[in-house]
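These notes are about the structure you will find just below.
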Amino acid sequence: MRETSQLPAPGSGAFVFTAQEIRELDADLARRDLLELTMEHAGARVAEVIHARFPTGPVLALAGGGANGGDTFVAARHLHALGREVYVLAQGTRHELAGRMRRRLEGLCPIELLTEERLCAGLSKTRVVLDGLLGTGFVPPLREELTQWIRRINEAGKTVVSLDLPTGLPSDTAGDGSDAERVRADLTLALVGFKPGLLFSEVGEVQVLDLGVPPALLERHAHASCITPEEVRALLPRRVRGAHKGTAGRVYVLGGRPGYTGAPSLTAYGALRAGSGLVALYSRAELPRHPVESMAHRIEDWNALTALPRPDAVALGMGLGEDSVPVARRVLSWKVPVVLDADALQSELRGAGHDAVVWTPHPGEAARLLGIGTGDITRDPFAAARALQLAYGGTVVLKGGPSVIATPGALRVCLAGNPGMATGGSGDVLSGVIAALLGAGLSAPEAAIAGVYLHAAAGDRAYARLGYGLIASDIAHEVAPAWHVLHQASSEIL
């Protein structure tokens with residue numbers, strides 16, 4: 001199994017499609033007489049990538065019986081035109097358009113019925129395998145015959161390029177991590193956009209192919225879209241020349257108790273590095289490790305909050321413990337932007353929020369909020385994030401690799417970030433970053449989108465320096481440089 005998926009650069013701007021949405025997109029393309037042209041583009045692009053990335057040696061093309069098989073036949077034809085030696089093993093073709101593409105290939109290169117014996121023979125004389133057996137139409141479980149073929153492919157040690165999805169990987173949900181049940185692809189060429197299974201499973205390198213489908217059609221049918229650095233650059237607040245700390249956003253961090261003082265300090269650090277003008281921490285415990293640039297106050301009675309001037313944003317719950325729900329209810333009544341994290345993520349707060357609230361659960365906390373198992377969350381993070389947003393309102397950031405954001409009108413996913421960020425306190429820093437952006441005047445959806453991306457970009461910078469040994473404060477330290485890089489294309493001070 002590969003250590004981690006290698007997703008495209010975060011600026012890809014790709015869309016995400018479920019199997020049903022791909023069927024609807026195909027139907028729309030067919031009504032416009034564009035489906036055959038799109039299949040031709042798909043096969044041509046697949047052939048171009050294979051020939052460019054793996055320019056020598058024979059290619060074994062494995063064609064399934066559905067639309068994926070049609071794309072494979074087209075790719076084989078274009079590889080043949082490029083001078084490559086191509087062998088095609090095919091299942092029975094049941095897709096009308098795929099059958100047409102197969103007939104166009106006949107006579108150009110050998111096409112034989114796929115059997116285990118022929119598969120083993122083909123694997124012995126090839127360098128590259130094009131896996132086009134199953135695509136978005138696959139519904140588990142696999143037939144025993146396919147399981148055996150997958151085992152043979154994985155054991156052969158060849159370079160494997162999967163078309164749209166590695167055979168055996170469900171389109172809409174995360175795989176179960178079993179390499180025995182799916183093709184271990186070195187490269188997956190996703191057609192028109194990601195499928196959820198590619199984002200939440202270990203699948204090797206993924207490249208999204210642009211097939212020339214009109215962008216309006218893609219957006220109409222897409223399940224979710226990827227955050228781009230260009231949109232984050234446009235969202236990040238700029239400071240006017242006369243700015244001062246009072247206009248850069250006042251953020252309160254409410255959290256901490258004896259033994260749990262690090263979390264709110266990391267949140268304050270994240271808020272400061274994300275540009276907050278003033279950060280004040282309030283806790284029932286002493287906070288000896290708080291950033292010196294913040295103001296830390298020990299509070300004996302949370303009722304004293306009522307006497308404080310209203311902030312521009314609040315982050316609460318980090319290490320707060322059993323005080324979280326009553327404190328959250330009080331703060332939510334202020335109607336200021338709020339980030340709820342950690343101990344403040346409680347089902348008792350359902351219905352108490354408002355549009356300017358950002359909920360930031362990890363999968364375990366999300367499972368608690370929805371009353372389901374953690375496996376249900378990780379199996380389909382998009383569905384979980386949407387369910388949380390519908391149940392609790394506001395904006396939801398479901399933290400993970402990658403993180404999913406559910407707003408009242410859309411699902412977004414952040415491709416930046418890395419497994420090194422799986423370290424205690426990383427989420428606390430994220431809450432501070434989002435709170436700072438809320439305090440600067442961004443809406444909850446805007447702050448969540450920009451904050452998640454900025455935090456992930458900072459994590460990537462820290463990982464480039466430190467690898468898996470990075471800690472949460474390293475991420476916080478890189479927030480300001482990541483912001484600066486995003487702003488390089490424009491003037492930071494007007």
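Residue numbering: from 1, along the chain as shown.
Cβ coordinates come from backbone N, Cα and C, glycine included.
Taken from TrEMBL, the feature domain 'YjeF N-terminal' covers 22-219. The average pLDDT the prediction assigns to the domain 'YjeF N-terminal' (22-219) is 92.
Annotation for VAL139 ((6S)-NADPHX binding site): spatial neighbours PRO170, criterion Cβ-Cβ under 8 Å with sequence separation of six or more. Here TrEMBL flags 67-71, 135-141, ASP164, ALA263, GLY319, HIS362, ASP428 as (6S)-NADPHX binding site.
Taken from TrEMBL, the feature K(+) binding site covers ASN68, ASP131, THR167. Counting only residues at least six positions away in the same chain, the Cβ atoms of GLY132, LEU133, LEU134, GLY135, GLY137, LEU163, ASP164 sit under 8 Å from the Cβ of ASN68 (K(+) binding site).
Look at TrEMBL and you will find 228-486 tagged as domain 'YjeF C-terminal'.
DSSP assigns GLY400 (AMP binding site) to coil, not to a helix or a strand. The AMP binding site annotation in TrEMBL covers LYS399, GLY400, GLY401, PRO402, SER403, GLY427.
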Only counting partners 6 or more residues apart, tell me which same-chain residues put their Cβ under 8 Å from the Cβ of THR167 (K(+) binding site). LEU62, GLY64, ASP131, LEU133, LEU134, PHE138, LEU146, ILE150, ARG182, VAL183
Would you pick out, from the binding-site residues GLY401, PRO402, the residue whose Cβ has the largest number of other Cβ atoms within 10 Å? PRO402
Compare the C-alpha of THR136 ((6S)-NADPHX binding site) with the C-alpha of each of the binding-site residues LYS399, PRO402, GLY427, and give the closest one. PRO402
All chains considered, the count of other Cβ atoms within 10 Å of the Cβ of ASP131 (K(+) binding site) is 29
Listed binding-site residues are ALA67, GLY70, HIS362; which of them have CA atoms within 10 A of the CA of GLY427 (AMP binding site)? HIS362
